[in-house]
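Annotated features, as they stand in Swiss-Prot:
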- R9, F10, A11, P12, S13, E45, Y184, R202: L-glutamate binding site (BINDING)
- 12-22: motif ''HIGH' region' (MOTIF)
- C99, C101, Y121, C125: Zn(2+) binding site (BINDING)
- 240-244: motif ''KMSKS' region' (MOTIF)
- K243: ATP binding site (BINDING)
Amino acid sequence: MQSAHYTGRFAPSPSGPLHAGSLVAAMASYLDARAHQGRWLLRMEDVDEARTVQGAAQDIAASLSQLGMHWDGPVLVQSRRQQHYQRACAQLGERVYACGCTRKEIADSRLGMAADGAAIYPGTCRSGLAAGKRAHALRVRVPEPGQALEQIDFEDRWQGWQRQHLASAVGDFVLRRADGFWAYQLAVVVDDAEQGVTHIVRGADLLGSTARQIYLQSLLGYPTPTYLHLPLVTHADGEKLSKQNGAQALNLNRSLTLLHEAARFLGLEVARVDGVAAFWELAVLAWRRRYL
């Protein structure tokens with residue numbers, strides 16, 4: 001019997017096939033949902049259409065199925081939801097403004113880098129575009145230091161207590177990019193709210209984005225989910241394993257071995273079994289014992 005109080009999701013970017021790092025994230029989100037007797041959704045985060053690889057979404061879904069991870073309901077695809085993001089942006093009203101700054105101009109302000117690697121925005125276009133400047137992107141204002149919602153606090157189930165000052169850590173951030181694509185921060189907030197997501201389990205590379213997402217949730221009147229940010233699977237040099245730096249596609253002929261390796265990374269002891277279904281039964285129990 002599924003719980004009406006838990007909805008989780010796995011939301012990969014279809015820029016390539018599943019690899020060891022994305023398997024860990026998928027497994028953890030799946031186990032947390034099933035251990036809570038909740039729903040587990042699948043979303044394809046292809047809002048950045050320039051990075052989308054043709055056929056990757058279908059490959060990811062097929063791989064999850066072969067590995068025994070079966071989602072509830074239809075797959076949500078971000079690239080089909082442009083009007084939803086437009087409506088949310090319009091709802092923010094005067095908090096949104098056009099920005100004509102180039103990446104170089106922002107970097108030249110030397111305010112440092114946000115946790116996601118983007119340069120901290122100095123607020124150049126807050127009071128309007130300078131003469132001769134053309135709008136490139138849309139940004140949302142963050143509060144000045146000391147104002148309500150400038151400091152975002154939340155408890156992460158894995159990483160513990162978190163605090164971020166939006167003004168100094170990121171500045172006014174992008175909602176629609178210069179290339180016309182909606183930014184991840186807005187799209188993920190809208191999708192989580194409209195899908196009723198209550199619990200988010202994902203990699204720690206997104207921990208630094210969470211305060212911005214909580215801020216947007218507050219502005220839009222959305223509930224804030226519970227967060228768990230996992231340690232990242234890395235190369236030997238410590239760099240995050242990703243499609244962009246050569247992570248190898250999973251060999252699904254080794255499905256059980258792959259599942260056991262991912263479980264060990266998550267600190268789970270799962271006895272050797274003969275089939276995928278039996279693995280998941282034991283893995284759900286192991287997750288429940290350790291993390292609930």
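Residue 1 is the first one shown; counting continues down the chain.
Positions of Cβ are set from backbone N, Cα and C atoms, glycine also.
Feature map: annotations from Swiss-Prot on the structure.
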residue	record	DSSP (3 states)
R9	L-glutamate binding site	strand
E45	L-glutamate binding site	coil
C99	Zn(2+) binding site	strand
Y121	Zn(2+) binding site	coil
Y184	L-glutamate binding site	helix
R202	L-glutamate binding site	strand
Measuring Cα to Cα, how many angstrom lie between F10 (L-glutamate binding site) and C101 (Zn(2+) binding site)?
34
Residues near E45 (L-glutamate binding site) in space but at least six apart in sequence (CB under 8 A)
A11, P12, S13, P14, Q78, Y184, A187, V188
Taken over the motif ''HIGH' region' (12-22), the model's mean pLDDT:
95
Other residues, Cβ within 8 Å of C99, C101, Y121, C125 Cβ centroid (Zn(2+) site):
G100, E105, I106, P122, G123, T124, R126, H136, A137, R139, D172
Just the number: how many Å between the Cα atoms of Y121 (Zn(2+) binding site) and R9 (L-glutamate binding site)?
31
Here the Cα-Cα span from C125 (Zn(2+) binding site) to R202 (L-glutamate binding site), rounded to a whole number of angstrom, reaches 33
Among R9, R202, the one of these binding-site residues whose Cβ has the fewest neighbouring Cβ atoms within 10 Å
R202
